[in-house]
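Notes follow the structure.
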């Protein structure tokens, strides 16, 4: 056989063997601690690793276990806590220690703590020590499957010592004893004290005092600045302690704007009250017919409101609106010339009683007539209505009183003159305008000549005055209206409430 052919066949066999080995190696899963992971995934997701390991090695029994990083734990690489059967199970890994170690140490530490959690959840942690036979059984099983090197204790001593930057040393005899030579090294600034479990033995055997000999650079300056910034006054600390002990809380005064019931400052002023009341009254008169009794009730309500709102400071309340208010009201609301529209109708500004077929010629009303009602006719007034005294006294809280008197003694209510009615003013204005212009009050709808029997009957007929509700002869109603309206204007003086 040709030698070249023999060499070629040998080379081919070697090549086939190598390819078979490569194929077998490719079919095998990559180890969890393979060095290639350091380049592919140097900082893996902790939650993703936990879920993957739980399904692969622990049959999904750790779904309710919590896993998280701890930024303050520097003494050990990881810890698993369990609150009892059916309680919370939590795994915490030290971020300060493991961030300085390769990815292999993170995977092995996580699997180590997951074995503890599995024993807790399955209630199989009956070993006297945490790393007994049950723990070692699962540890060897996972090491064979993954090629990892899970151990009982970690070897991160250099990293742990790196974070122990607060050193104390005893000045007693123990500073010459092995293995510590009187040193206490801690990651936190907590000096040795009675809270340490070995303190009692140290006091018996040594009795020395621990003196701090080392701390991180600029630690004292940082601590002083933080203390000054966070320092609170003694009063604030005492108040906080009182609140924690359940004592009475300090009362903080109210700094806003409050309202006191019954205070004069909280009630609207008298001028605003009367102005708004007059506008509302005028609106009501334009929409419906108000009777005299309804006006009296509103007047009583107004006086009561003023007395309740102003108990201490008496104010001068003017019942008459100002000229500007009168102009506004007159522009919006038409004038009514007859006070009682139910009993009278308007005929060219003169009140004519409803139901009469014809009336005599009316004489022009003279504002200067001074005619008194005879006592005999005053006795003929309607006795069915309740009469009130001729004067009413309104007393304020300060003791001031104002007497409102009437010219006519048969008024129905003592508060009638407190506010002038819009109908009375408009009736008086209409009569004065017609008198000044020289026009007569003769009705255009009635015949110009009246018979003698009709004039005699009109002179004898008695009617009620719409202002004072007094009984007056029909032929003298105009003069009586002038006198009543003029009397109301003179008697309505400012009063104190």
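Every residue gets a Cβ built from N, Cα and C, even glycine.
Per Swiss-Prot, the listed range annotated as motif 'SHP-box' is 254-262 (candidates: 227-235, 236-244, 245-253, 254-262).
Swiss-Prot assigns the feature zinc finger to one of the listed ranges (294-321, 462-489), namely 462-489. In Swiss-Prot, the feature motif 'PIP-box' is placed on 326-333, out of the ranges 326-333, 334-341, 358-365, 366-373. Each of the binding-site residues 465, 468, 484 was assessed for Cβ neighbours inside 10 Å, and the highest tally belongs to 468. Checked against residue 468 (Zn(2+) 2 binding site) by C-alpha proximity, the binding-site residues 112, 116, 131 yield 116 as the nearest. In this structure the alpha carbons, written CA, of residue 112 (Zn(2+) 1 binding site) and residue 480 (Zn(2+) 2 binding site) are 116 Å apart. Between the CA atoms of residue 465 (Zn(2+) 2 binding site) and residue 116 (Zn(2+) 1 binding site) there is a gap of 109 Å. Taking the binding-site residues 112, 116, 131, 480 in turn, the residue surrounded by the fewest other Cβ atoms inside 10 Å of its Cβ turns out to be 131.
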